[in-house]
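**Q** Questions regarding the structure given below will be posed in turn.
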Amino acid sequence: MKLLSNSLMFLPLLALALTAVSSLKYSRNDFPPGFVFGSGTSAYQVEGAADEDGRTPSIWDVFAHAGHSGVAAGNVACDQYHKYKEDVKLMADMGLEAYRFSISWSRLLPSGRGPINPKGLQYYNNLIDELITHGIQPHVTLHHFDLPQALEDEYGGWLSQEIVRDFTAYADTCFKEFGDRVSHWTTINEVNVFALGGYDQGITPPARCSPPFGLNCTKGNSSIEPYIAVHNMLLAHASATILYKQQYKVLLSASLPSSICIAFCYVLFITQYKQHGSVGISVYTYGAVPLTNSVKDKQATARVNDFYIGWILHPLVFGDYPETMKTNVGSRLPAFTEEESEQVKGAFDFVGVINYMALYVKDNSSSLKPNLQDFNTDIAVEMTLVGNTSIENEYANTPWSLQQILLYVKETYGNPPVYILENGQMTPHSSSLVDTTRVKYLSSYIKAVLHSLSRKGSDVKGYFQWSLMDVFELFGGYERSFGLLYVDFKDPSLKRSPKLSAHWYSSFLKGTLHHPSYASS
């Protein structure tokens with residue numbers, strides 16, 4: 001199925017879409033050499049084959065089968081496990097330069113540790129090789145809401161520091177098996193959202209929470225568990241990053257005596273030559289603005305940035321949590337030992353930014369008074385989404401929010417390299433293939449990235465649209481869509497069809513859009 005084989009049908013609509021975004025004066029050539037454009041998915045949302053070839057359940061399997069995503073689950077999803085060649089061909093036809101996907105930990109290591117599943121290993125080798133054959137960079141996420149259920153059952157998953165050992169061993173396996181072809185690694189997806197949804201509100205795996213903060217809570221403690229989970233995720237991320245730098249990236253042979261280097265260093269040099277990648281972490285962000293110009297609302301907005309972004313990035317840059325968090329959360333916030341602080345500080349090569357929406361922020365300091373506390377009372381704000389936005393509606397088009405986040409990361413954390421790992425527009429799955437709102441959204445946000453890069457000096461390295469195709473969504477199952485490609489979930493073959501946004505993105509990437517140059521505008 002060649003992507004542009006039905007371009008003639010879409011030409012009038014593409015022209016209409018271009019008219020709608022005619023004020024966005026930029027082209028692919030305005031971005032610097034080395035900047036990559038891609039799209040993304042995650043394992044449970046797209047692979048299917050949930051019970052095939054040795055894969056065992058993850059916490060997302062259990063979550064979905066408990067009915068948390070309605071009646072749907074990811075047992076089949078888009079069946080990329082069997083259709084990866086077709087999907088990579090569609091990516092190549094579209095002109096994608098990179099594909100962000102995640103590895104299913106429980107497909108590769110069915111027990112969470114120990115022996116590798118040969119069929120799982122073969123699948124990811126095949127996918128990576130197919131991408132490279134078509135000139136597409138593989139960008140790999142190691143954990144995307146899908147911890148092996150075996151580890152959750154054994155010791156409580158991310159609530160136990162035992163997870164640091166097992167995650168590091170899992171990362172080591174991935175670096176060893178795929179690192180000769182994969183140069184971009186994200187350890188954990190949306191650390192903050194995973195912790196809040198899974199351990200405070202109970203609306204994402206593993207669905208832990210406590211009243212009155214969560215919904216239908218049967219286990220958990222919303223007051224402390226989110227903070228414990230993030231603490232252990234940061235330690236696990238740091239451990240994996242240090243492992244990569246010490247065993248797969250840093251050349252150690254120079255310090256070895258020549259007498260033992262003859263036999264040993266040859267192997268070492270071969271290994272190190274192939275390992276030249278970078279390791280980062282992913283953070284969900286909101287573009288936050290004060291509801292009023294009052295001092296309290298401005299301070300509240302600063303707290304939102306501290307609690308959502310600083311919760312993750314502050315330890316990685318400065319070795320500790322933000323002072324506002326330590327003050328408001330108190331003893332419920334785990335403390336880094338001196339050794340742990342040294343380990344997490346600097347343990348990243350890039351920051352993965354995820355951004356969809358913007359917030360108005362109002363001070364609510366009175367929420368600090370109750371005896372029962374959780375993240376939402378600790379942050380002490382009232383937040384309202386900008387525009388007519390909810391998980392039920394299309395997102396408001398607020399590209400300034402992404403610009404704001406990129407500027408904040410630059411100014412607060414020393415302008416680290418950044419990849420936009422997710423950004424996209426939601427529509428009902430039943431909506432038309434003529435997704436003009438998605439075209440407008442993507443074109444606006446891509447221009448915002450260019451502005452942040454060329455006018456503000458943010459060190460942005462790439463942009464990944466979410467998602468490549470309609471997938472099994474965490475909120476809404478198959479009823480909500482972010483895809484460039486429509487997937488007919490009622491068709492046994494799960495037919496893929498390019499939407500208008502796919503044609504627009506393809507035209508942009510191939511340089512066939514005729515916007516005036518941003519540099520000359």
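Please read every residue number as a count from 1 along the shown chain.
Using N, Cα and C of the backbone, Cβ positions are placed for all residues, glycine too.
This is the feature table in Swiss-Prot:
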| type | residues | note |
| --- | --- | --- |
| BINDING | Gln45, His144, Asn189, Glu190, Tyr356, Glu422, Trp466, Phe482 | beta-D-glucoside binding site |
| ACT_SITE | Glu190 | active site, proton donor |
| DISULFID | Cys209-Cys217 | disulfide bond |
| CARBOHYD | Asn216 | N-linked glycosylation site |
| CARBOHYD | Asn221 | N-linked glycosylation site |
| CARBOHYD | Asn364 | N-linked glycosylation site |
| CARBOHYD | Asn388 | N-linked glycosylation site |
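Tell me what's around each of these sites.
**A** In three-state terms derived from DSSP, Tyr356 (beta-D-glucoside binding site) belongs to an extended strand segment. Of all the Cβ atoms in the protein chains shown, 24 others lie within 10 Å of the Cβ of Tyr356 (beta-D-glucoside binding site).
Counting every protein chain shown, 25 other Cβ atoms lie within 10 Å of the Cβ of Glu190 (beta-D-glucoside binding site).
Counting only same-chain residues at least 6 apart in sequence, those with a Cβ under 8 Å from the Cβ of Cys209 (disulfide bond) are Tyr199, Asp200, Gln201, Gly202, Leu215, Cys217, Gly220, Ser222.
Under 8 Å, Cβ to Cβ, and six or more positions away along its own chain, Asn216 (N-linked glycosylation site) finds Gly202.
The secondary structure of Asn221 (N-linked glycosylation site), as reduced to three states from DSSP, is coil rather than helix or strand. In this view, Asn221 (N-linked glycosylation site) is surrounded by 18 other Cβ atoms within 10 Å of its Cβ, with every protein chain counted.
The number of other Cβ atoms within 10 Å of the Cβ belonging to Asn364 (N-linked glycosylation site), over all protein chains shown, comes to 16. DSSP assigns Asn364 (N-linked glycosylation site) to coil in the three-state reduction, placing it in neither a helix nor a strand.
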**Q** Mind checking which of Trp466, Phe482 has the fewest other CB atoms within 10 A of its CB? They're the binding-site residues.
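**A** Comparing Cβ neighbours within 10 Å for the binding-site residues Trp466, Phe482, Trp466 has the fewest.
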**Q** Among Gln45, His144, Asn189, Glu190, Tyr356, Glu422, Trp466, Phe482, the annotated beta-D-glucoside contacts, find the widest CA pair distance and round it to a whole Å.
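**A** Farthest-apart Cα atoms in Gln45, His144, Asn189, Glu190, Tyr356, Glu422, Trp466, Phe482 are separated by 19 Å.
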**Q** Compared by Cα position, which of the binding-site residues Gln45, Glu190, Tyr356, Glu422, Trp466 is the closest one to Asn221 (N-linked glycosylation site)?
**A** Glu190
**Q** Taking the Cα atoms as reference points, how far is Tyr356 (beta-D-glucoside binding site) from Asn364 (N-linked glycosylation site) in Å?
**A** 24
**Q** What's the CA-CA gap between Asn189 (beta-D-glucoside binding site) and Asn364 (N-linked glycosylation site) in angstrom, rounded?
**A** 29
